[in-house]
Each structure stands twice: as C-alpha cells, then as structure tokens.
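For reference, the structure is listed below as structure tokens.
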Amino acid sequence: KPQLVASNDRFCRFLEEYCPVVTETYYPTIWCWEGRVQTLLRPFITSRPQVQYRNELIKTADGGQISLDWFDNNDSLYYPDASTRPTVLLLPGLTGTSKESYILHMIHQSETLGYRCVVFNNRGIAGEDLLTPRTYCAANTEDLETVIHHVHSLHPSAPFMAAGVSMGGMLLLNYLGKTGSDTPLMAAAIFSAGWNVFESVESLEKPLNWLLFNYYLTTCLQSSISRHRQMLEKLFDMDLVMKARTVREFDKQFTSVMFGYRTIDDYYEDASPCRKLKSVGIPVLCLNSVDDVFSPGHAIPVETAKQNSNVALVLTSCGGHIGFLEGIWPRKCTYMDRVFKQFVQAVFEHGNKIFSM
C-alpha cells in the first residue's frame, strides 16, 4: 500500500472517500517493477490516445509568446455550458509538450468526466518561435502566472485546477508556494516532482543513471534550444552550452545565467519546491515513488508536508519516474492516471468538503 502523509484528518478522510486509489495496494507490472525500468519503458509501452487540440499563442509582458493547446471538450454531456465547464491546466515535464503520452492520458481521463483541458507548453519547445532570448526554468513562475490568469479570465465561472508532472510539478509547487491561497486554482495534483534539485542532480550523475537518463536529457535540452540558436546567441556562448554533458553543466552555462542567478547553487536552491511547501495555501496531492532516480526517496519532504494542512503526499515503494505501470501489459491506464482521474473528479464534484477545512 502507498504511504499517505497528511496532517489534516479531514483531507485524509476526503481522499479515502472520494479518491480511494491512494489507499489501495499498488501492484507494479511484475516484469518491469524496478524504478529505472519503469521510467525507461513507460513512453514505449503506454498507448497514445488521439487528441485534437486548438492552439492559442498568448503574448507575455516581456514581448515573448506562450503556446497553449486546448482540448475544449465541446461534446461534454455533463457540462454542456462552456462557461461553467471545469478546466484542468496541465504542465508537462522538462522538455515535454502537449504530445507526451502521460498528458494525452490525462486529457483522455478528463474527457470521460466532461472536463476541459489546456496544456501549458514552455516557451520555445512546441514549435513556436522565440520572440525574445528567454526560455524557461523551474524557479521562474512568471509565465505560469500569465497563463493561469489568462485561462481564468476566459472562463471566470468555471471551476479551475492544475496538474503538473516532473518539472511541471516543480514549477506549479513553486508558484503555489509564492502565491499561497491567492490563486484562482481550487486545488492541484503533482506527479513525480523533484523536491530537492541538489539531490536530484546528484542522483542523476551516478554512473548508471548518467548513462540511462542524464546524458539523454541533456541532449534533449540542447535540442530544444538549438532551433532558436540565432536568437539565443545574442546573450549566450552557444558553443559552450552545446558542449554540456550533464544537466548540471547545461544549467550552469545556460539556465542559471538566463535567469540572473549568481551561481548554479543559487538557482538550484530557488528551484527546489521543498523550500516553499510550507507556504502552499490550497489543497495539493503529490504522488511520488521512493525509487525515482529523478527525485530520490530520502529527499521527499515528509516532515515539512506534515506541517501544512493543505498538503497530502502519496508515496509508493515502486513506480519510478512518471512510471507507475500496473497490470500484465500496461498499455492503457497507469496508477498515476487513476490517481489523477479520481482526485480531479473529487475536487470538482465534492470539493466543498475540503474547502471547509
């Protein structure tokens, strides 16, 4: 069974009643239960539901643009009135977009419940041009704030929550730690967030993890900015950035410099959500596996979570990073998908029971 960490008895009872998956035994797929194997295989094993998006480009205060992919769900039987149709904002991982299989599955789950979804693609990675020499990072929440207020302004009467995966979860937590309860979001779900960036990069620099994950992730980061080289060369030594062989080297030469941090340690400290968890002011459910090499179990802030009545952690012993595969042939629904579906439905259908906490 997962470990459920929450100091608020009412929140616990709410989850047990309306999101019972968090108290059920999780049986990982027997032939790929190890965390690294789950992490590696999930993108290849899980299906990719067909989703038709409507793209919207919105402008930012600094002259940049953000690409949003909408799934309007205009055929919703439960919520035919678009003005009050519940809306879920989805935040993909570090180099992820609206095309990731885990995002498509979240949209598929939301579609069956009648909800609308909008995917926040970080600057410059979903095919749109960079209009300024700036991309994104886990610590800077300005673009997310712009997106949240834009979506809320379009549908002010619609119930509104967000779900973030991996770096998307870190960004969402950092935003919530900054805003407290002063947000249009009712609640949030966080999956496989890296809680302490120092511990995450140290884990990813172990020889086997570097070989399996770190080098590939670094090349993905480099690939995501290479298309914008002409724009970024105005501020960066791109030849040096392209020589990075680890995420830490990339962040040292590019990310921390872009966002004005004196050192990479200053950036990593600011990007670590464990430092801001105590300030979260709305109900948040966070799912992590303790065998996740991107977010080591010993770095999960269990004691801090116990000090905030708005926070619940669900910790599984297996599942890897955005893995959570279950069943003999786990093509369709993962444990993570089930947690997402039940929690989102619980918030939208029965949220008044936790908002009186």
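Any Cβ shown, glycine's included, is placed from N, Cα and C.
Taking the Cβ of Ser166 (active site, charge relay system) as centre and 10 Å as the limit, one finds 26 other Cβ atoms among all the protein chains shown. According to TrEMBL, the feature active site, charge relay system maps to Ser166 (among others).
Among the features that TrEMBL reports, active site, charge relay system is placed at Asp292 (among others). Around the Cβ of Asp292 (active site, charge relay system), a 10 Å sphere holds 28 further Cβ atoms from the protein chains shown.
Look at TrEMBL and you will find His321 (among others) tagged as active site, charge relay system. Counting every protein chain shown, 25 other Cβ atoms lie within 10 Å of the Cβ of His321 (active site, charge relay system).
Among the features that TrEMBL reports, domain 'AB hydrolase-1' is placed at 86-327.
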Distance [Cα-Cα, Å, rounded] between Asp292 (active site, charge relay system) and His321 (active site, charge relay system): 5
Within the predicted model, mean pLDDT of the domain 'AB hydrolase-1' (86-327): 97
Nearest-integer angstrom distance between the alpha carbons (Cα) of Ser166 (active site, charge relay system) and His321 (active site, charge relay system): 8
